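Here is what Swiss-Prot records for this protein:
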type     : residues                      : note
BINDING  : Asn82, Tyr505, Arg601, His629 : ATP binding site
BINDING  : Arg412, Arg442                : Mg(2+) binding site
ACT_SITE : His472                        : active site, phosphohistidine intermediate
Amino acid sequence: MLQTPPDLPPVAEPVAEQVVEAVAPVPAPSPTIAVPGLDDSSLYIHRELSQLQFNIRVLEQALDENYPLLERLKFLLIFSSNLDEFFEIRVAGLKKQINFAREQAGADGLQPHQALARISELVHIEVERQYAILNDVLLPELEKHQIRFIRRRYWTPKLKTWVRRYFRDEIAPIITPIGLDPTHPFPLLVNKSLNFIVELEGVDAFGRDSGLAIIPAPRLLPRVIRVPEEVGGPGANYVFLSSMIHAHADDLFQGMKVKGCYQFRLTRNADLALDSEEVDDLARALRGELFSRRYGDAVRLEVADTCPKHLSDYLLKQFSLSESELYQVNGPVNLTRLFSITGLDSHPELQYTPFTPAIPKLLANADNIFSVISKQDILLMHPFESFTPVVDLLRQAAKDPHVLAVRQTLYRSGANSEIVDALVDAARNGKEVTAVIELRARFDEESNLQMASRLQAAGAVVIYGVVGFKTHAKMMLILRREQGEIVRYAHLGTGNYHAGNARLYTDYSLLTSDDALTEDVGKLFSQLIGMGKTLRMKKLLHAPFTLKKGMLDMIARETQFALEGKPAHIIAKFNSLTDAKVIKALYKASQSGVKIDLVVRGMCCLRPGIPGVSHNIQVRSIIGRFLEHTRVFYFLNGGEEQIYLSSADWMERNLDKRVETCFPVEGKKLLLRVKKELEGYLTDNTHAWTLQPDGRYVRSTPTGNQNPRSVQATLLERLSNPVLNVR
């Protein structure tokens, strides 16, 4: 039976379609209604609880039959992956506050121990629900398409023979069982690794009879093993590694009786404790921290739901965890390893229809990309439009004899990065290449260290950003000599220089040679690479200096327009809203009559729809095929509309503790284009969720005679080139 979380309705309730009108504020409430002050904790949603709500929306997609079946499975696995990181970072951070007696309530008023209690309650419900969806919905549906995960009770004699041989040849030689006794203490287990606790009976060759053993499963072993068709029958048949180990645990303890074998998985604190202000060599210090991350403090224990209480209690004691941190699951404890089967070539009908990102006509046949950009700005929206022009710009720069220098920020670039390849080529071809690499990009630290070493070996100058501030800005600057003068070309984006993400995330890219904007980009690079006072910018807003103030000023300007009785409208789209100062500014704007439409994919600590405070604010979240990642800010500005694109969300960490960029969209054509694309998010009635005043999200559905509208499908149709039956 599928359980419904307490903060979600049993069935998605239809929400009336929103019509985009710049001048339709909700009337102010009656003066008799008590209006809370803007510091009142009831006006704010706890950050971590809001993040959990986002993950619940992701899980809901696994039940949506409008998605192809393997994509629904993928959403369920993304839920697991997100939850892993949530415990590794967010839960670990709350526990750390408690352990160091540094409990401090946020704007919402919740103390860390109170938040942890609510998190535990909600996650227990959602994890049980997740496995129910897997076992009762997705696996039976997959079996109809001849994709099977064969449990032990359904093994045929032929399959048992094949499994025994596979276990003997491929698994047993690699596994190292550890018996527990005074000379064999409980092993130090790697974060998120698959392990088994085994209860034994009997005495071994040395007379030992401790009764317990641990089997760590090496990460090099696949978690799902495909069975040959001649053994398992037609279709794609799989056996879990855990099932193989359960079935043959006796073989690992010769002469002893296995009373029980149960899988478990430990999640540890994975946040790096490195303080960049207290180290002399950041790269060297980071390498040491990366190893210790695998063995941080325990924050969660997952065990098979068949595991007896005395064994789960034993494990909890070993890891100094409480019972509220124990999660019993009906299936594999490491679901993220199932990602390997979601791209089956044999079942394209169970996956999204492939598409080819478009290349604008201006660039499609251009021999010289610099000549195109010199005439006009080029705006790309990924993944509907290709990331290739960004790579091509850098490739041409690497080979162009007129290019003098290239400067580039890198936060996440992925393996086998074409961007990094082009930077290496540029350096080898004698260009002055400077790369500002953020070594502390979470979970990409090791990759970025390797990237830095490769660029240094090619002759590039590598800078590790600014001490105390992560460099999250996405910018490239190319200096080229033209007719005796140095001309600047720049790329600014809302997303990373990561070709893989550019096929999965929605992001904007701006290619420009605008004198003022490229000069600003050059100034920001100078600040990052050298030292000196903050430089005055002409067009660019940049954190941690002018971006937050600039956003607050623009919100205040709309507020003033509303107070003067003029139309006032803000549309903002980004990933997360947690900054209390920004939220208060939005509340004040709403109270003054500004119509505010927010499209916030993830965390949102603002409560919309509260009479007298946020009655003019609507918050939507779009969850669909592509991960929404664009940061777009629209201001009506008394009819002189302004739109900014940014690398930053409205979060304290982005606005106060990171190097970020925010740049204007200029020219009537581009301005109208981005506005139209932004408005599409306000009328989506298939993938939109609307935030309620009580913190719930309600899914939008077409009502009456409305046609289904998906903003992602519309953009895909309008901007890209669909390719059928091609992978």
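Cβ atoms are placed via backbone N, Cα and C, with glycine included.
Taking the mean position of the Cβ atoms of Asn82, Tyr505, Arg601, His629 as the ATP site, the remaining residues of that chain whose Cβ falls within 8 Å of it are Asn575, Gly602, Leu627, Glu628.
Ranked by CA distance from Tyr505 (ATP binding site), the recorded positions Arg412, Arg442, His472 have Arg412 at the top as the closest. When secondary structure is read from DSSP and collapsed to three states, Asn82 (ATP binding site) falls in the helix class. Other Cβ atoms within 10 Å of the Cβ of Arg442 (Mg(2+) binding site) number 14 in total over all chains. Residues near Asn82 (ATP binding site) in space but far in sequence (CB under 8 A, at least 6 apart, same chain), listed by position: Phe54, Asn55, Val58.
Rounded to a whole number, the C-alpha distance linking the residue listed as 'active site, phosphohistidine intermediate' with Arg601 (ATP binding site) is 19 angstrom.
Here the CA atom of Arg601 (ATP binding site) lies 20 Å from the CA atom of Arg412 (Mg(2+) binding site).
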